[in-house]
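A.B. asks: What follows is a single structure, and I will ask about it in a moment.
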Amino acid sequence: MNYIPTQTFYGRRWRPRPAARPWPLQATPVAPVVPDFQAQQMQQLISAVNALTMRQNAIAPARPPKPKKKKTTKPKPKTQPKKINGKTQQQKKKDKQADKKKKKPGKRERMCMKIENDCIFEVKHEGKVTGYACLVGDKVMKPAHVKGVIDNADLAKLAFKKSSKYDLECAQIPVHMRSDASKYTHEKPEGHYNWHHGAVQYSGGRFTIPTGAGKPGDSGRPIFDNKGRVVAIVLGGANEGSRTALSVVTWNKDMVTRVTPEGSEEWSAPLITAMCVLANATFPCFQPPCVPCCYENNAEATLRMLEDNVDRPGYYDLLQAALTCRNGTRHRRSVSQHFNVYKATRPYIAYCADCGAGHSCHSPVAIEAVRSEATDGMLKIQFSAQIGIDKSDNHDYTKIRYADGHAIENAVRSSLKVATSGDCFVHGTMGHFILAKCPPGEFLQVSIQDTRNAVRACRIQYHHDPQPVGREKFTIRPHYGKEIPCTTYQQTTAETVEEIDMHMPPDTPDRTLLSQQSGNVKITVGGKKVKYNCTCGTGNVGTTNSDMTINTCLIEQCHVSVTDHKKWQFNSPFVPRADEPARKGKVHIPFPLDNITCRVPMAREPTVIHGKREVTLHLHPDHPTLFSYRTLGEDPQYHEEWVTAAVERTIPVPVDGMEYHWGNNDPVRLWSQLTTEGKPHGWPHQIVQYYYGLYPAATVSAVVGMSLLALISIFASCYMLVAARSKCLTPYALTPGAAVPWTLGILCCAPRAHAASVAETMAYLWDQNQALFWLEFAAPVACILIITYCLRNVLCCCKSLSFLVLLSLGATARAYEHSTVMPNVVGFPYKAHIERPGYSPLTLQMQVVETSLEPTLNLEYITCEYKTVVPSPYVKCCGASECSTKEKPDYQCKVYTGVYPFMWGGAYCFCDSENTQLSEAYVDRSDVCRHDHASAYKAHTASLKAKVRVMYGNVNQTVDVYVNGDHAVTIGGTQFIFGPLSSAWTPFDNKIVVYKDEVFNQDFPPYGSGQPGRFGDIQSRTVESNDLYANTALKLARPSPGMVHVPYTQTPSGFKYWLKEKGTALNTKAPFGCQIKTNPVRAMNCAVGNIPVSMNLPDSAFTRIVEAPTIIDLTCTVATCTHSSDFGGVLTLTYKTNKNGDCSVHSHSNVATLQEATAKVKTAGKVTLHFSTASASPSFVVSLCSARATCSASCEPPKDHIVPYAASHSNVVFPDMSGTALSWVQKISGGLGAFAIGAILVLVVVTCIGLRR
């Protein structure tokens, strides 16, 4: 659902009122067609009378058009007013008059009321207005926190889409109501606006009102501008003293924005006072009207009244009132008050499958449930005894009361034992619940020592394996560590939101009350209320409170049971219930799950050894510790493992960066630098070694290619020389006595006819004249050298030109006056040089400080761990039961015939085969769902918010811009337009799951299609909504003979299975170094894409050239240079100027990035600047004010292989060839080229001469 309304209107019934004039309107007389003198005099007279009337009106108010006669009353004698509470009656009267005057609506309020008459509707809950819905554009909007339905038949039927991000519900307006809708606008100049209670001030992006002008119940009211357009919808407010800041939903140009001041409260009206019923009469739940409603006076009637009101909102007020018997006096709240509810309950005896000796029994300490939702490993155990209250219903934390037959006995709390594979440490106890910290184990046992010193125990199968908190599996809490969020059971006995169901206990059979006496059966009640049913004779059925005798009867013919409905007991599946309808009560339980922080250890820092593009970590864990790492490029290459012993791990570190996470320590990010062996400005083998370390494949390819070219050139040259000599000498060799001309002889090295061979000649010269020998040898060498140096000089002249041509082929970033493109990389400085005729150049510097990619989310549902609710079974003795349909998730109900259950006192029923048991079960959200649940969202278009720092001249400002589209902002009086981003990339899929502070890209099933044992087996919109869906494969089974229980089978929780198999969160493996955050879900600082920027700088941002220093004789000298290092170069600008001042400095190429943006200059001096480059031989132009100089440097590779910061320069440099390397290439290629050219010339000349013959 798009929460930006569409401006669709068919006409408005309201138009803004024209501005009021400060003078009364007078009827203008009609001028005569032919003016005359008398008419002019009459006109002057009328004007004078009007002026006189206006002066009188300024002194006294005008009379109404139809004055009403006032009734004259006799003046009453003045009496001294009586003082009441320090105030007189006159003061009270004045206060009332002031209140009446204050309630009169002002101009702004009246104007809003006219508009609101059509476009807003009340939202009502149980007949009371809780807020408002507003018609804006083509949509009806209602705050999501306002409970109730819209008080309009057409609008109440609409299907609303809910957005938790904006706290808003939205639906399309019916077509016939669009004429009632208000316009809206995103234009919000600072000033005053209107709403129902008067003026609203808008300043600094916040709406504020005087404190007291708004109140709960105003949620959903619109704020209008002076044209009647909606600019915002009120959600709540935050009291800030004399003024209240409003929490609103408003509109920007292309998106919806929610403004929530700190401390804001929702302004939905509080619900009405909860009412309860008694005998078809209603009353406030906290004020029962009858004396018998006091539990101490009539226990059973009071419990029945509570059962009748168990589902009403004021149930707990009624429970408190009935138990404390409020009589107008105030009761002190104390710890014992928390135990007061337990006087209406009692412990019980239930079936236990293992009573500690391998056999089953009916145990007074039967274990009902074990909860382990706390992440700190704490267990919350529920059993059938009660702790902290004695058998007299008094609070005593040293006692445990348990059921011993029909009686209640006390045990000492110190005898309580809880154990798994070892003894547990008990942290807290109250009522039916125990908090304990236990070692891992496969069973759980609870035991006490009764009054006869016998051990009463119950053991159940339970797998306890607490998971670690954080990234280290430790056992002992450290003295020093790191605090991280976790959950635990809060050790408090105060009332909580968690509750358990109670019900009336069943009639308990007890054969010990029967005795045989001379053919008669005697029933000994012992002060109890007993039901009896004997088949001997007639009429032997009833209830008695005293001993009685059944004549002529046997014990086997009688069935007696004790009935006691003065106390509730827990709704246990191991004890039958007394009533067939699902009557129940509820009580709060202690020890709620709470969000806290847990101290966890921090693994010892690893020993880090930096290598070339890799890092070696020596890990020394004290306990199993999680180690993970990822790269920060497009492919994260995530890896994780649990380390249990000292190991060594080597991790590759690319230029894009790497992040490793060791235990609970903070993640560490590292970047590699372009380090290598050799020298870029040394001998050829050193240069080859240098480039082989940086680009091994390219270097090998280049060297092999150049070698092949050299060999081919040499072989080709030799072949041409041999061919030329052959062509030259062949004709003369075939002609006897022919003489070879001396020119051909020189070219072809042809021997004379009378001369010896070359070897003989050279040997002769060596023996006879060595000086001539060396001259003969030096001549051709000299020729070759002369040709080589000539070619070298030609190449040197073209060197700079060819280098610049190649450099222009690379990626460069140039800044123009009104548009540029900056990289979307946090911390990367981007600078542009702006020139304007008549002004000194201006350096514009921009840097992305922070980015936030926030998708638009639509909550599909939440899922969490379920709990299976198994009410006490209903056993119908001597009859049949029937299941009824109930609107419960995954509800199951079955009736089993032929049951014959036993309780601790004997058979529950008197019949043998006509008994039936009604078993039912359903699924509900676990109590832990409030703290531990996963939310399934559908993600739509994401908005990218960037915080950009802009600096130019004297302006240094940081702005927030949305770069999905065009976003215009004003910085220092200059309009900048940012966006749209070059890449629409997002790390989020269209379906994501959010669990605590982790985000997962996961394809989850839609609402209503969950599968048992999988993610989404239970689904609901919120953790408290009534739209719970469940599919857990719950199936009931037939109870075992002779036992009272409700067996069932069910697929384990899909949520808990998902927690084990959920995999790695997007937080740790997001590409491009994204940092995933929640509340709201967003990706921070993703280094992807470029941001176009357009600007329109005024002339005032520049310095006139006549006012700026004039730089002359600017020269650049590079002192030191280390490439591929963060500002590892230092250069010095030497200059002369006509006056002192400030000059902007800038590098006009992406080959180098300057650290400084401005420099102070004097009449003569030097300026030292720092630069960063990735080139070994950078050559770049630096400007100081309007003067420019070329800087050339010979850079050395960095010494540090790994650094903890990213490079501040562009790594894309082409060609990255040092000047020395180019010189050696030119020398080698020049020599080979000269040799090849000489061979070509010889071949050409010989060929030409041969053709002339």
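Placed from the backbone N, Cα and C atoms, the Cβ positions cover glycine too.
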A.B. asks: What range among 863-880, 899-916, 935-952, 1223-1240 does Swiss-Prot record as region 'E1 fusion peptide loop'?
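C.D. replies: Residues 899-916 are the ones Swiss-Prot records as region 'E1 fusion peptide loop'.
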A.B. asks: Ala759 and His967: same side of the membrane according to Swiss-Prot?
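C.D. replies: Topology check (Swiss-Prot): Ala759 vs His967, same domain name.
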A.B. asks: Pick from Cys534, Cys536: which cysteine does Swiss-Prot list as forming a disulfide with Cys558?
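C.D. replies: That would be Cys534, the partner Swiss-Prot lists for Cys558.
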A.B. asks: Of Ser219, Asn1140, Asn1150, the recorded positions given in the record, which has the fewest other CB atoms within 10 A of its CB?
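C.D. replies: Candidates: the recorded positions Ser219, Asn1140, Asn1150. Fewest Cβ atoms within 10 Å: Asn1140.
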A.B. asks: Nearest of the recorded positions to Asp167 (active site, charge relay system) by CA-CA distance, picking from His145, Asn1140, Ala1152, Thr1153, Lys1160?
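C.D. replies: Nearest in space to Asp167 (active site, charge relay system), counting only the recorded positions, is His145.
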A.B. asks: Let me know the model's mean pLDDT on the topological domain 'Extracellular' (756-770).
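C.D. replies: Across the residues of the topological domain 'Extracellular' (756-770) the model's pLDDT averages 69 on the 0 to 100 scale.
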A.B. asks: How many other Cβ atoms sit within 10 Å of the Cβ of Lys1162 (site 'Interaction with host receptor VLDLR')?
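C.D. replies: Step by step: centre on the Cβ of Lys1162 (site 'Interaction with host receptor VLDLR'), count other Cβ atoms within 10 Å, giving 14.
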A.B. asks: Checking your reading of the structure: which of the recorded positions Ser219, Asn1150, Ala1152, Lys1160 lie inside a 10 Å Cα sphere centred on Asn1140 (site 'Interaction with host receptor VLDLR')?
C.D. replies: Lys1160
A.B. asks: Anything within 10 Å of Lys1160 (site 'Interaction with host receptor VLDLR')? Look among the recorded positions His145, Ser219, Asp1142, Asn1150, Ala1152, Thr1153, comparing CA atoms, and list what you find.
C.D. replies: Asp1142
A.B. asks: Looking at the recorded positions listed here (His145, Ser219, Ala1152, Lys1162), whose Cα lies nearest to that of Asp1142 (site 'Interaction with host receptor VLDLR')?
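C.D. replies: Sorting the recorded positions by distance from Asp1142 (site 'Interaction with host receptor VLDLR'), the top entry is Lys1162.
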A.B. asks: Reported as an integer number of Å, what is the Cα distance between Ala1152 (site 'Interaction with host receptor VLDLR') and Lys1162 (site 'Interaction with host receptor VLDLR')?
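C.D. replies: Taking the Cα atoms only, Ala1152 (site 'Interaction with host receptor VLDLR') lies 25 Å from Lys1162 (site 'Interaction with host receptor VLDLR').
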A.B. asks: How far is it from Ser219 (active site, charge relay system) to Asn1150 (site 'Interaction with host receptor VLDLR'), counting Cα to Cα, in Å?
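C.D. replies: Pair distance, Cα basis, whole Å: 55 Å.
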A.B. asks: Work out the three-state DSSP category of Asp1142 (site 'Interaction with host receptor VLDLR').
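C.D. replies: Reduced to three states, the DSSP call for Asp1142 (site 'Interaction with host receptor VLDLR') is strand.
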